[in-house]
Amino acid sequence: MLDSYKKLFKNKNFLYLWMSQLLSQLTIQIITFLLIVRLFNHTQSTIATSFLWLSYALPAIFIGPFASAAIDLLSKKKVLMLTNFIQSIIIFIYSLIFSKSIFLLFGAVLFYSIVNQFYLPAELSTLPSVVKSNSLAKANGLFFITQQASLFAGFSIASPLGRFVGFKYSLYICSIFLFLAFLSVCFLSDIKKGIFVFKNIEDSFSEYFTQIINGYNYIKKNKTVLYPLLLLLGTQMCLSIVIVNLPVIAQELIKIKIENAGSHIVLPAGLGAIIAAFSIPKYLDKGIRKIILIKRSIFLLSLCLILIAFLIPELPIKLILWVSIFLIILFGYAFVGIVIPTQTFLQEKTPIKFRGRVFGNYGFLLTIASVFPIILSGTLTELLGIKTLSFIIGSLFLIFLIYISRLPKNAVFEKEILINN
(Lines of atoms letter the chains of each structure in order from A and count residues from 1; the text may use other names and numbers.)
(Lines give C-alpha, C1' and ligand atoms only; values in the text may rest on other atoms or scores of the structure.)
Protein backbone atom coordinates (compact mmCIF):
# COMPACT_ATOMS: atom_id res chain seq x y z
CA MET A 1 0.00 0.00 0.00
CA LEU A 2 2.73 2.47 0.98
CA ASP A 3 4.73 1.49 -2.10
CA SER A 4 1.84 2.43 -4.36
CA TYR A 5 1.63 5.87 -2.73
CA LYS A 6 5.38 6.28 -3.13
CA LYS A 7 4.98 5.63 -6.84
CA LEU A 8 2.22 8.24 -6.92
CA PHE A 9 4.41 10.85 -5.23
CA LYS A 10 7.23 10.14 -7.67
CA ASN A 11 4.90 11.18 -10.48
CA LYS A 12 5.78 14.85 -11.09
CA ASN A 13 2.66 15.57 -13.13
CA PHE A 14 0.48 14.24 -10.33
CA LEU A 15 2.33 16.37 -7.76
CA TYR A 16 1.86 19.50 -9.89
CA LEU A 17 -1.88 18.85 -10.19
CA TRP A 18 -2.23 17.89 -6.52
CA MET A 19 -0.38 21.04 -5.43
CA SER A 20 -2.79 23.10 -7.52
CA GLN A 21 -5.76 21.38 -5.89
CA LEU A 22 -4.33 21.80 -2.39
CA LEU A 23 -3.65 25.52 -2.84
CA SER A 24 -6.99 26.12 -4.56
CA GLN A 25 -9.02 24.29 -1.90
CA LEU A 26 -7.10 25.87 0.98
CA THR A 27 -7.60 29.32 -0.53
CA ILE A 28 -11.35 29.04 -1.01
CA GLN A 29 -11.82 27.86 2.59
CA ILE A 30 -9.68 30.69 4.00
CA ILE A 31 -11.57 33.22 1.90
CA THR A 32 -14.93 31.74 2.88
CA PHE A 33 -14.17 32.15 6.59
CA LEU A 34 -12.80 35.67 6.17
CA LEU A 35 -15.81 36.80 4.14
CA ILE A 36 -18.37 35.20 6.49
CA VAL A 37 -16.77 36.95 9.47
CA ARG A 38 -16.50 40.29 7.66
CA LEU A 39 -20.08 40.14 6.35
CA PHE A 40 -21.57 39.15 9.70
CA ASN A 41 -19.61 41.82 11.56
CA HIS A 42 -21.09 44.44 9.23
CA THR A 43 -24.66 43.12 8.96
CA GLN A 44 -25.19 40.93 12.07
CA SER A 45 -27.42 38.88 9.75
CA THR A 46 -27.37 35.14 9.04
CA ILE A 47 -29.56 35.81 5.99
CA ALA A 48 -26.67 37.84 4.56
CA THR A 49 -24.21 34.97 5.14
CA SER A 50 -26.73 32.59 3.54
CA PHE A 51 -26.78 34.77 0.43
CA LEU A 52 -23.00 34.72 0.41
CA TRP A 53 -23.21 30.93 0.06
CA LEU A 54 -25.89 31.39 -2.62
CA SER A 55 -23.55 33.67 -4.59
CA TYR A 56 -21.06 30.80 -4.72
CA ALA A 57 -23.66 28.11 -5.44
CA LEU A 58 -25.64 29.71 -8.28
CA PRO A 59 -22.84 29.45 -10.89
CA ALA A 60 -22.56 25.72 -10.09
CA ILE A 61 -26.21 25.33 -11.13
CA PHE A 62 -26.30 27.62 -14.17
CA ILE A 63 -22.68 27.71 -15.42
CA GLY A 64 -21.46 24.30 -14.19
CA PRO A 65 -23.22 22.20 -16.86
CA PHE A 66 -21.97 24.44 -19.68
CA ALA A 67 -18.43 24.52 -18.26
CA SER A 68 -18.28 20.75 -17.79
CA ALA A 69 -19.39 20.27 -21.39
CA ALA A 70 -16.97 22.87 -22.73
CA ILE A 71 -13.96 21.24 -21.05
CA ASP A 72 -14.14 18.37 -23.55
CA LEU A 73 -13.38 20.86 -26.34
CA LEU A 74 -10.58 22.80 -24.63
CA SER A 75 -6.97 22.22 -23.62
CA LYS A 76 -7.24 21.14 -19.99
CA LYS A 77 -3.78 22.41 -19.11
CA LYS A 78 -4.59 25.86 -20.48
CA VAL A 79 -7.93 25.87 -18.62
CA LEU A 80 -6.16 25.03 -15.34
CA MET A 81 -3.57 27.74 -15.92
CA LEU A 82 -6.07 30.38 -16.96
CA THR A 83 -8.58 29.70 -14.16
CA ASN A 84 -5.95 29.77 -11.41
CA PHE A 85 -4.50 33.00 -12.81
CA ILE A 86 -7.90 34.71 -13.19
CA GLN A 87 -8.94 33.69 -9.66
CA SER A 88 -5.68 35.12 -8.32
CA ILE A 89 -6.43 38.41 -10.10
CA ILE A 90 -10.03 38.47 -8.80
CA ILE A 91 -8.87 38.15 -5.19
CA PHE A 92 -6.09 40.70 -5.70
CA ILE A 93 -8.47 43.27 -7.22
CA TYR A 94 -11.00 42.70 -4.44
CA SER A 95 -8.27 43.25 -1.84
CA LEU A 96 -7.70 46.71 -3.34
CA ILE A 97 -11.36 47.83 -3.45
CA PHE A 98 -13.10 45.91 -0.64
CA SER A 99 -13.24 48.94 1.67
CA LYS A 100 -15.53 50.83 -0.73
CA SER A 101 -18.56 48.64 -0.01
CA ILE A 102 -19.28 45.52 2.01
CA PHE A 103 -21.48 44.24 -0.82
CA LEU A 104 -18.56 44.05 -3.25
CA LEU A 105 -17.75 40.69 -1.68
CA PHE A 106 -20.86 39.18 -3.30
CA GLY A 107 -19.54 40.16 -6.73
CA ALA A 108 -16.07 38.81 -5.92
CA VAL A 109 -17.52 35.47 -4.78
CA LEU A 110 -19.80 35.26 -7.83
CA PHE A 111 -16.99 35.86 -10.35
CA TYR A 112 -14.65 33.52 -8.45
CA SER A 113 -17.26 30.77 -8.54
CA ILE A 114 -17.96 31.25 -12.26
CA VAL A 115 -14.27 30.70 -13.00
CA ASN A 116 -14.17 27.77 -10.58
CA GLN A 117 -16.84 25.96 -12.62
CA PHE A 118 -14.23 25.58 -15.36
CA TYR A 119 -11.37 24.71 -13.01
CA LEU A 120 -13.06 21.79 -11.21
CA PRO A 121 -14.02 19.63 -14.24
CA ALA A 122 -10.64 20.39 -15.85
CA GLU A 123 -8.89 19.18 -12.70
CA LEU A 124 -10.96 16.00 -12.41
CA SER A 125 -10.65 15.13 -16.10
CA THR A 126 -6.88 15.76 -16.01
CA LEU A 127 -6.26 13.33 -13.16
CA PRO A 128 -6.76 10.12 -15.22
CA SER A 129 -4.34 11.53 -17.79
CA VAL A 130 -1.46 12.01 -15.34
CA VAL A 131 -1.67 8.76 -13.33
CA LYS A 132 -1.76 5.13 -14.41
CA SER A 133 -5.05 3.26 -14.12
CA ASN A 134 -3.79 1.08 -11.24
CA SER A 135 -3.02 4.24 -9.21
CA LEU A 136 -6.19 6.15 -10.09
CA ALA A 137 -8.20 4.94 -7.06
CA LYS A 138 -5.50 6.11 -4.65
CA ALA A 139 -5.11 9.40 -6.51
CA ASN A 140 -8.87 10.01 -6.30
CA GLY A 141 -8.80 9.09 -2.61
CA LEU A 142 -5.98 11.54 -1.93
CA PHE A 143 -7.85 14.30 -3.79
CA PHE A 144 -10.98 13.59 -1.73
CA ILE A 145 -9.03 13.65 1.55
CA THR A 146 -7.37 16.92 0.50
CA GLN A 147 -10.74 18.47 -0.26
CA GLN A 148 -12.21 17.49 3.11
CA ALA A 149 -9.07 18.36 5.10
CA SER A 150 -8.84 21.77 3.42
CA LEU A 151 -12.14 22.79 4.99
CA PHE A 152 -10.84 22.26 8.52
CA ALA A 153 -7.31 23.49 7.76
CA GLY A 154 -8.51 26.57 5.86
CA PHE A 155 -10.93 27.71 8.56
CA SER A 156 -8.38 27.00 11.28
CA ILE A 157 -5.67 28.98 9.47
CA ALA A 158 -8.01 31.85 8.53
CA SER A 159 -8.84 32.67 12.14
CA PRO A 160 -5.27 33.52 13.34
CA LEU A 161 -4.33 34.82 9.90
CA GLY A 162 -7.10 37.42 9.98
CA ARG A 163 -6.14 38.43 13.54
CA PHE A 164 -2.41 38.82 12.98
CA VAL A 165 -2.12 40.25 9.45
CA GLY A 166 -5.61 41.65 8.91
CA PHE A 167 -8.25 41.17 6.23
CA LYS A 168 -6.42 42.95 3.40
CA TYR A 169 -3.09 41.15 3.77
CA SER A 170 -4.88 37.82 4.23
CA LEU A 171 -6.41 38.39 0.78
CA TYR A 172 -2.94 39.15 -0.61
CA ILE A 173 -1.73 35.81 0.75
CA CYS A 174 -4.70 34.00 -0.83
CA SER A 175 -3.96 35.68 -4.14
CA ILE A 176 -0.35 34.48 -3.89
CA PHE A 177 -1.55 30.93 -3.14
CA LEU A 178 -3.61 30.95 -6.33
CA PHE A 179 -0.68 32.34 -8.32
CA LEU A 180 1.46 29.48 -6.99
CA ALA A 181 -1.28 27.09 -8.13
CA PHE A 182 -1.05 28.72 -11.56
CA LEU A 183 2.73 28.19 -11.60
CA SER A 184 2.29 24.57 -10.51
CA VAL A 185 0.03 23.63 -13.44
CA CYS A 186 2.34 25.48 -15.83
CA PHE A 187 4.80 22.63 -15.29
CA LEU A 188 2.28 19.97 -16.29
CA SER A 189 3.16 18.03 -19.42
CA ASP A 190 0.86 18.68 -22.34
CA ILE A 191 -2.19 16.48 -21.90
CA LYS A 192 -3.12 14.50 -24.95
CA LYS A 193 -6.71 14.54 -26.03
CA GLY A 194 -8.65 11.33 -25.64
CA ILE A 195 -9.61 9.16 -28.58
CA PHE A 196 -13.22 10.31 -28.41
CA VAL A 197 -14.00 14.00 -28.51
CA PHE A 198 -17.45 15.51 -28.87
CA LYS A 199 -18.05 17.01 -32.32
CA ASN A 200 -19.47 20.23 -30.99
CA ILE A 201 -20.57 22.03 -27.84
CA GLU A 202 -24.21 21.06 -28.38
CA ASP A 203 -23.34 17.34 -28.33
CA SER A 204 -21.16 17.78 -25.26
CA PHE A 205 -23.83 19.80 -23.45
CA SER A 206 -26.51 17.26 -24.37
CA GLU A 207 -24.32 14.37 -23.21
CA TYR A 208 -23.77 16.07 -19.84
CA PHE A 209 -27.48 16.44 -19.14
CA THR A 210 -28.22 12.96 -20.48
CA GLN A 211 -25.79 11.55 -17.90
CA ILE A 212 -27.46 13.60 -15.14
CA ILE A 213 -30.95 12.38 -16.13
CA ASN A 214 -29.79 8.76 -16.44
CA GLY A 215 -28.07 9.00 -13.07
CA TYR A 216 -31.16 10.52 -11.48
CA ASN A 217 -33.40 7.77 -12.89
CA TYR A 218 -31.03 5.07 -11.66
CA ILE A 219 -30.85 6.60 -8.16
CA LYS A 220 -34.65 6.99 -7.96
CA LYS A 221 -35.30 3.35 -8.93
CA ASN A 222 -32.70 1.81 -6.57
CA LYS A 223 -33.37 2.34 -2.88
CA THR A 224 -30.03 0.77 -1.98
CA VAL A 225 -28.49 3.80 -3.63
CA LEU A 226 -31.21 6.34 -2.81
CA TYR A 227 -31.19 6.03 1.01
CA PRO A 228 -27.40 6.25 1.49
CA LEU A 229 -27.26 9.13 -1.00
CA LEU A 230 -30.00 10.99 0.91
CA LEU A 231 -28.07 10.47 4.14
CA LEU A 232 -24.86 11.80 2.57
CA LEU A 233 -26.74 14.79 1.16
CA GLY A 234 -28.30 15.42 4.57
CA THR A 235 -24.98 15.37 6.43
CA GLN A 236 -23.30 17.64 3.87
CA MET A 237 -26.24 20.08 3.99
CA CYS A 238 -25.96 20.04 7.79
CA LEU A 239 -22.29 20.97 7.50
CA SER A 240 -23.08 23.79 5.05
CA ILE A 241 -25.77 25.15 7.38
CA VAL A 242 -23.35 25.07 10.31
CA ILE A 243 -20.74 26.99 8.27
CA VAL A 244 -23.25 29.64 7.19
CA ASN A 245 -24.38 30.08 10.81
CA LEU A 246 -20.87 29.83 12.30
CA PRO A 247 -20.75 33.47 13.49
CA VAL A 248 -24.01 33.10 15.45
CA ILE A 249 -22.91 29.76 16.94
CA ALA A 250 -19.69 31.40 18.12
CA GLN A 251 -21.29 34.58 19.42
CA GLU A 252 -24.56 33.41 20.96
CA LEU A 253 -23.95 29.81 22.01
CA ILE A 254 -20.25 29.46 22.81
CA LYS A 255 -19.77 33.11 23.84
CA ILE A 256 -16.55 33.69 21.90
CA LYS A 257 -15.46 36.27 19.36
CA ILE A 258 -16.43 35.43 15.78
CA GLU A 259 -12.78 35.69 14.74
CA ASN A 260 -11.97 32.79 17.11
CA ALA A 261 -14.52 30.44 15.53
CA GLY A 262 -11.84 28.78 13.40
CA SER A 263 -9.64 27.75 16.33
CA HIS A 264 -12.43 27.09 18.86
CA ILE A 265 -15.06 25.43 16.63
CA VAL A 266 -13.59 24.25 13.32
CA LEU A 267 -10.31 22.93 14.75
CA PRO A 268 -12.01 20.70 17.38
CA ALA A 269 -14.43 19.44 14.72
CA GLY A 270 -11.44 18.63 12.53
CA LEU A 271 -9.81 16.76 15.41
CA GLY A 272 -12.94 14.65 15.85
CA ALA A 273 -13.04 14.02 12.11
CA ILE A 274 -9.40 12.87 12.08
CA ILE A 275 -10.02 10.48 15.00
CA ALA A 276 -13.01 9.03 13.14
CA ALA A 277 -11.07 8.79 9.86
CA PHE A 278 -8.58 6.48 11.58
CA SER A 279 -10.93 4.55 13.88
CA ILE A 280 -14.00 3.92 11.68
CA PRO A 281 -12.08 1.93 8.99
CA LYS A 282 -10.59 -0.20 11.79
CA TYR A 283 -14.09 -0.97 13.09
CA LEU A 284 -15.15 -1.94 9.58
CA ASP A 285 -12.09 -4.19 9.20
CA LYS A 286 -13.05 -5.92 12.46
CA GLY A 287 -16.40 -6.83 10.93
CA ILE A 288 -18.64 -4.36 12.74
CA ARG A 289 -21.66 -3.85 10.50
CA LYS A 290 -21.95 -0.55 8.70
CA ILE A 291 -25.55 -0.04 9.81
CA ILE A 292 -24.44 -0.18 13.46
CA LEU A 293 -21.79 2.49 12.91
CA ILE A 294 -24.19 4.62 10.88
CA LYS A 295 -26.96 4.44 13.51
CA ARG A 296 -24.60 5.22 16.37
CA SER A 297 -23.09 8.15 14.48
CA ILE A 298 -26.50 9.56 13.55
CA PHE A 299 -27.56 9.36 17.20
CA LEU A 300 -24.32 11.01 18.35
CA LEU A 301 -24.67 13.79 15.78
CA SER A 302 -28.28 14.42 16.78
CA LEU A 303 -27.38 14.38 20.48
CA CYS A 304 -24.55 16.88 19.98
CA LEU A 305 -26.80 19.31 18.10
CA ILE A 306 -29.54 19.13 20.74
CA LEU A 307 -27.09 19.46 23.66
CA ILE A 308 -25.34 22.40 22.00
CA ALA A 309 -28.75 24.06 21.66
CA PHE A 310 -30.05 23.49 25.19
CA LEU A 311 -27.23 22.43 27.51
CA ILE A 312 -24.50 24.91 26.57
CA PRO A 313 -26.53 28.11 27.23
CA GLU A 314 -27.39 26.88 30.74
CA LEU A 315 -23.80 26.20 31.81
CA PRO A 316 -21.62 28.59 33.86
CA ILE A 317 -19.46 30.84 31.67
CA LYS A 318 -16.26 29.05 32.75
CA LEU A 319 -17.57 25.68 31.53
CA ILE A 320 -19.21 26.75 28.27
CA LEU A 321 -16.05 26.76 26.14
CA TRP A 322 -14.66 23.43 27.35
CA VAL A 323 -17.96 21.54 27.16
CA SER A 324 -18.56 23.09 23.73
CA ILE A 325 -15.17 21.94 22.46
CA PHE A 326 -15.88 18.41 23.72
CA LEU A 327 -19.28 18.30 21.99
CA ILE A 328 -17.81 19.76 18.78
CA ILE A 329 -15.13 17.03 18.75
CA LEU A 330 -17.93 14.46 19.06
CA PHE A 331 -19.82 16.26 16.27
CA GLY A 332 -16.80 15.98 13.95
CA TYR A 333 -16.41 12.32 14.87
CA ALA A 334 -20.09 11.60 14.25
CA PHE A 335 -20.04 13.42 10.91
CA VAL A 336 -17.21 11.27 9.55
CA GLY A 337 -18.73 8.24 11.30
CA ILE A 338 -21.74 8.68 9.02
CA VAL A 339 -19.85 9.57 5.85
CA ILE A 340 -17.26 6.75 5.72
CA PRO A 341 -19.54 3.69 6.15
CA THR A 342 -22.34 5.27 4.10
CA GLN A 343 -20.04 6.16 1.23
CA THR A 344 -18.36 2.75 1.41
CA PHE A 345 -21.77 1.08 1.26
CA LEU A 346 -22.82 3.28 -1.65
CA GLN A 347 -19.65 2.42 -3.60
CA GLU A 348 -20.14 -1.29 -2.95
CA LYS A 349 -23.79 -1.31 -3.99
CA THR A 350 -23.40 0.83 -7.12
CA PRO A 351 -22.33 -1.17 -10.21
CA ILE A 352 -19.10 0.08 -11.75
CA LYS A 353 -20.82 1.26 -14.93
CA PHE A 354 -23.19 3.46 -12.87
CA ARG A 355 -20.69 4.89 -10.37
CA GLY A 356 -19.81 7.81 -12.59
CA ARG A 357 -23.49 8.73 -12.90
CA VAL A 358 -24.20 8.43 -9.18
CA PHE A 359 -21.10 10.22 -7.85
CA GLY A 360 -21.06 12.62 -10.79
CA ASN A 361 -24.59 13.67 -9.84
CA TYR A 362 -23.73 14.02 -6.16
CA GLY A 363 -22.17 17.48 -6.30
CA PHE A 364 -24.85 18.81 -8.62
CA LEU A 365 -27.67 17.37 -6.48
CA LEU A 366 -26.06 18.68 -3.28
CA THR A 367 -25.88 22.22 -4.65
CA ILE A 368 -29.50 22.22 -5.83
CA ALA A 369 -30.80 20.51 -2.68
CA SER A 370 -28.91 22.89 -0.40
CA VAL A 371 -30.19 26.19 -1.81
CA PHE A 372 -33.56 26.28 -0.05
CA PRO A 373 -32.45 24.73 3.30
CA ILE A 374 -29.51 27.13 3.65
CA ILE A 375 -31.59 30.23 2.87
CA LEU A 376 -34.29 28.88 5.21
CA SER A 377 -31.73 28.23 7.95
CA GLY A 378 -30.56 31.83 7.80
CA THR A 379 -34.16 33.04 8.05
CA LEU A 380 -34.99 30.68 10.92
CA THR A 381 -31.92 31.79 12.83
CA GLU A 382 -32.94 35.44 12.40
CA LEU A 383 -36.53 34.80 13.51
CA LEU A 384 -36.28 31.99 16.07
CA GLY A 385 -32.61 31.89 17.06
CA ILE A 386 -29.75 29.44 16.57
CA LYS A 387 -30.97 27.18 19.40
CA THR A 388 -34.19 26.44 17.53
CA LEU A 389 -32.33 25.74 14.28
CA SER A 390 -29.89 23.39 16.02
CA PHE A 391 -32.79 21.55 17.66
CA ILE A 392 -34.65 21.20 14.33
CA ILE A 393 -31.60 19.74 12.54
CA GLY A 394 -30.86 17.38 15.43
CA SER A 395 -34.51 16.26 15.50
CA LEU A 396 -34.52 15.59 11.73
CA PHE A 397 -31.52 13.28 12.08
CA LEU A 398 -33.23 11.57 15.01
CA ILE A 399 -36.39 11.04 12.95
CA PHE A 400 -34.30 9.52 10.12
CA LEU A 401 -32.61 7.24 12.65
CA ILE A 402 -35.98 6.05 13.98
CA TYR A 403 -37.18 5.50 10.41
CA ILE A 404 -34.25 3.29 9.32
CA SER A 405 -34.36 1.46 12.69
CA ARG A 406 -38.00 0.51 12.04
CA LEU A 407 -37.27 -0.91 8.59
CA PRO A 408 -37.79 -4.69 8.34
CA LYS A 409 -34.68 -6.84 8.51
CA ASN A 410 -34.94 -7.57 4.80
CA ALA A 411 -35.38 -3.94 3.85
CA VAL A 412 -32.99 -1.77 1.92
CA PHE A 413 -30.23 -0.63 4.28
CA GLU A 414 -30.32 -3.61 6.63
CA LYS A 415 -30.47 -6.34 4.01
CA GLU A 416 -27.65 -5.04 1.87
CA ILE A 417 -25.37 -4.37 4.82
CA LEU A 418 -26.01 -7.84 6.20
CA ILE A 419 -24.98 -9.26 2.84
CA ASN A 420 -21.77 -7.28 2.87
CA ASN A 421 -20.78 -8.24 6.37
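Cβ atoms here come from the backbone N, Cα and C positions, even for glycine.
What TrEMBL lists as transmembrane segment is 15-40, 46-67, 79-97, 103-120, 169-189, 225-249, 261-281, 293-313, 319-346, 358-378, 384-404. For 224-421, the entry in TrEMBL reads domain 'Major facilitator superfamily (MFS) profile'.
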Task: Contact yes or no, the transmembrane segment (46-67) and the transmembrane segment (103-120), 3+ Cβ pairs under 8 Å, gap 6+ - done: yes
TODO: For the transmembrane segment (15-40) and the transmembrane segment (384-404), check the count of CB pairs under 8 Å (sequence separation 6 or more) and say whether it reaches 3 or more.
DONE: no
Task: Tertiary contacts of the transmembrane segment (384-404), as residues 6+ beyond its ends and Cβ separation under 8 Å - done: 227, 231, 234, 238, 241, 245, 248-249, 252-253, 291, 294-295, 298-299, 301-306, 308-310, 313, 377, 413-414
Task: Among 261-281, 293-313, 319-346, stretch most in contact with the transmembrane segment (225-249) (C-beta, under 8 angstroms) - done: 319-346
Open item on the list: Quick test of the contact rule: Cβ under 8 Å, at least six residues beyond the ends. What residues does that give for the transmembrane segment (293-313)?
Closed with: 231, 235, 238, 249, 253-254, 280, 283-284, 320, 323-324, 327-328, 330-331, 333-335, 337-338, 341-342, 386-388, 390-391, 393-395, 397-398, 400-401, 404-405, 413
Task: Chain residues in Cβ proximity to the transmembrane segment (319-346) (below 8 Å; excluding those fewer than six residues from its ends, i.e. six or more beyond) - done: 225, 228-229, 231-232, 235, 238-239, 253-256, 264-265, 268-273, 275-277, 280-281, 284, 290, 293-294, 296-298, 300-301, 303-305, 307-308, 311-312, 358, 416-417, 420
